[in-house]
Amino acid sequence: MVVIRQELVDSIKKVLFILSTCLLVFVAARNSITWHLQRFWGASGDFWQRQWENVYVLFGSSDALVCIVGTFIITTGIFWLANAFFMIIDLTGKPVALFRYKIQPEKNNPLPKEDLYKAVKQVLYNQVVIGIPFICVAYQAMKWRGCGVGGELPTFHWVLLELSVFTLFEEIVFYYSHRLLHHRAIYKYIHKRHHEWTASIGLVALYAHPIEHIFSNLLPPFIGPLLMGSHIATSWMWFCIALISTTVAHCGYHFPFLPSPEAHDYHHLKFNQNYGVMGVLDRLHGTDDLFRETKAYQRHFLLLGMTPVSQQYPDSPKKKAE
């Protein structure tokens, strides 16, 4: 009991250290970054306001149409647009130079067509049959909460604050719902479907049992905007960020200048590590301990050059022999 308590205290200290370091970096850079961004936002504020008013009129000045139809179009469109890029590479094998960045080069090469077709059907089912009713219910919840639709767009600083809150609540809700789905009593009935892909592709981000799609894909990014009473335009921006983020996390490639997908790719490979989005709760609960001892962890960083991480941190001779 004493050992467990000490491990918990150590984990909390590590998390606080990470958060405080991030806060110090943010504060140090805040004045310069926010000055430039706010200047852009402020100078173009009238422009964005006019565009939003045009969008609102396009949907007949109907809050319901904007929130339901608009949200479906935006989220579905951005997901397939982001995945089109990765699917072209996976299906054609071109450009060949990009395969240098593949995390598990021996897997999905070539991509199994039957598995891809099965994934596409499940994703479309989730987006239409599950997604549309969820959006309708979400609209009623946002209407009750008083979330803005028409009218003035929020300020730059308020959007920054909202995005921070969204990220926090997504991490909390996703981590615990995801970890619950790995419980042996229910894993084989629900989450096992998502883990059919031990080497994931971008499309697999939404390849899930309908129950999982609700509690792990739809609910986590929605909680933040609901609690904050956010304007629908801010919610759209956040949903797009979340969809692109999860697509990159599942894409199977560690490309330059994109967030590292190493942690979640390792989760698909080993199942019992890296349940969260940012890794903060994994550090707190020790569910990344094995991952932190691997080559994948050494490669888990934002690649700012063109040399693949697999070349910077090559596999050991023993692993190559295996």
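Note that the numbers count up from 1, one per residue, in the order the chain is shown.
Placed from the backbone N, Cα and C atoms, the Cβ positions cover glycine too.
Not measured: the values here are computed from a predicted model.
If you average pLDDT over the domain 'Fatty acid hydroxylase' (165-287) in this model, you get 96. The feature domain 'Fatty acid hydroxylase' is assigned by TrEMBL to 165-287.
Summarising the annotation, TrEMBL assigns transmembrane segment to 55-82 (among others).
Same-chain residues lying 6+ beyond the ends of the transmembrane segment (123-141) with a Cβ under 8 Å from its Cβ atoms: 64, 67-68, 71-72, 75-76, 79, 203, 206-208, 210, 213-214, 217-218, 222, 226. Annotated transmembrane segment per TrEMBL: 123-141 (among others), in sequence order.
Taken from TrEMBL, the feature transmembrane segment applies to 156-176 (among others).
Annotation source TrEMBL lists transmembrane segment at 197-216 (among others).
Here the transmembrane segment (236-255) has Cβ contacts under 8 Å with residues 70-71, 74-75, 78-79, 82-83, 86, 89-90, 98, 101-104, 107-108, 159, 162-163, 166, 170, 199-206, 217, 221, 224-225, 230, 261-265, 268, 277, 299, 303, 308-310 of the same chain, all six or more residues outside its ends. TrEMBL lists 236-255 (among others) with the feature transmembrane segment.
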For the domain 'Fatty acid hydroxylase' (165-287), residues assigned helix / strand / coil by DSSP:
84 helix, 1 strand, 38 coil
